[in-house]
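**Q** Before I ask anything, let me first share the structure, which is written out below as structure tokens.
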């Protein structure tokens, strides 16, 4: 490699900027173990997304300290004016005043900055008063962030901040300002506004709201670097709401909004660029908040009222958990909570993990898992309690090499874990409410992906329990290749459950609970069976006979399809 190639490599990889940032951090922090310190800094560079995200002060401490009085009446000095040593042998030349340069940066060029807009180290919230609850609402352009943010603010009496609207108003009111004219051009092309400028505007807006109990911030952060900056300069949010939406739906909504509102950043070129930026930045951003246990994901492809119903349940659970429980934890029965047919709409889809929407930006981002799932043989096993579907699924799995998944068991396993999602599920069940179908679908999808490499197909027991669940499964994963309905009379199922209760001391089956479960099953299963009769291969199996007789019928049905 010659000298020119080396220089080109260093410049292209932003190596000088990285070294400058590391050196500034070392000089300011003076760590006892510089090697360990540098390792932690390099790890942060990875989290930020690479060297191009690093600035000169990325590793400079953000601690707020009382500064000594300034001499000579000067109100502002360079932050690092005294960092460089006075030793004349020090290899770097120190300037009292930097020479002019031809290139400029919106954030640092003096021609583009106003004294009043310089970022100051100040407390955004009064430390002597309770800090307001902060909810960040993120999602792709057109995912409904503004709509849902306003609904959240109205329901809980919170204040609402739209970061996009904040910047647009600033641009409109300072149209003659060179800096903001450039920012306007950046936004119009679909790029992100400069990070520090955006943070400054948010801080100034927050300081105008000293008495709010809560604040909903829409459209920020857009990447991990912005998230880190928000936490460093403002606070750690109490909750992050992620509105997951397919690319196609986002495009449709943006085109419709462009016709109705005429926003400058909704032009076709800008829309494509914004979607690309979102797709690149969303996965690491979601992962970052997942690791902190702060994020909850919602399917935003649905009606806005359905989405908000799910969000409000999650906010109640996360931020206002001290509500009177409807049942003791020892009384929880997952199979009852999963039964449908109640008036409550369970067509929700929220979860505190973003795994579903490592494909939310388009299925390609799930690394091919979704395509592999769609190629797998999928069989739904529908039947009432006591119909024998669990027993038969076990035998079929052994014969055909299928993976047997029971929604009841998946829910029980999740409840026994210590995840944030398990706490949310338990809180919902303790209130006597139904577990949202989105959570069940997420548990199913995670289990299916985990078994992809060593299975020939999936037998899903006890799913779907309503038409909406089946529709959602078809849209998110794919339609089943076969739906089996275990046709069994109420008397037979009741007798089997009572026998099971006598054989298993832990079983809580009694005549009253059995009757209720059967009633719920019949009410919910009729439309499900009708739905699949018109849509796919549905086989009704006479489940009144012996296990061997029923198994033979099932094998015949499966062999006829596969």
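Every residue, even glycine, has its Cβ placed from backbone N, Cα and C.
What Swiss-Prot shows for this protein is this:
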- 133-316: region 'Adenylate kinase 1' (REGION)
- 142, 143, 144, 145, 146, 147, 257: ATP 1 binding site (BINDING)
- 162-193: region 'NMP 1' (REGION)
- 168, 191, 192, 193, 219, 220, 221, 222, 226, 263, 274: AMP 1 binding site (BINDING)
- 256-266: region 'LID 1' (REGION)
- 377-559: region 'Adenylate kinase 2' (REGION)
- 386, 387, 388, 389, 390, 391, 500, 545: ATP 2 binding site (BINDING)
- 406-435: region 'NMP 2' (REGION)
- 407, 433, 434, 435, 462, 463, 464, 465, 469, 517: AMP 2 binding site (BINDING)
- 499-509: region 'LID 2' (REGION)
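Describe each of these features in terms of where it is and what it packs against.
**A** Counting Cβ atoms from all protein chains shown, residue 142 (ATP 1 binding site) has 25 others lying within 10 Å of its own Cβ.
For the region 'NMP 1' (162-193), the model's average pLDDT works out to 73.
In the three-state DSSP classification, residue 274 (AMP 1 binding site) falls within a helix.
Listed in sequence order, the same-chain residues six or more apart from residue 545 (ATP 2 binding site) with CB atoms under 8 A from its CB number zero; the list is none.
There are 25 other Cβ atoms within 10 Å of the Cβ belonging to residue 462 (AMP 2 binding site). Following the DSSP three-state reduction, the secondary structure of residue 462 (AMP 2 binding site) is coil.
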**Q** Which three-state DSSP class does residue 219 (AMP 1 binding site) fall into?
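**A** In three-state terms, residue 219 (AMP 1 binding site) counts as coil.
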**Q** Which residues, same chain and not among 142, 143, 144, 145, 146, 147, 257, have a CB within 8 angstroms of the centroid of the CB atoms at the recorded ATP 1 site?
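**A** Close Cβ neighbours, site residues excluded: 139, 141, 148, 243, 253, 300.
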**Q** Can you check which residues sit near residue 391 (ATP 2 binding site), meaning Cβ under 8 Å from its Cβ, same chain, 6 or more apart in sequence, and list them in order?
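**A** Same-chain residues close to residue 391 (ATP 2 binding site) (Cβ under 8 Å, separated by 6 or more) are 547.
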**Q** Is it possible to list how many residues within the region 'NMP 2' (406-435) are helical, extended or coil according to DSSP?
**A** 21 helix, 1 strand, 8 coil
**Q** List which of the binding-site residues 168, 219, 388, 469 have their Cα within 10 Å of the Cα of residue 146 (ATP 1 binding site), in sequence order.
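**A** If one measures from the Cα of residue 146 (ATP 1 binding site), the binding-site residues that come within 10 Å are 219.
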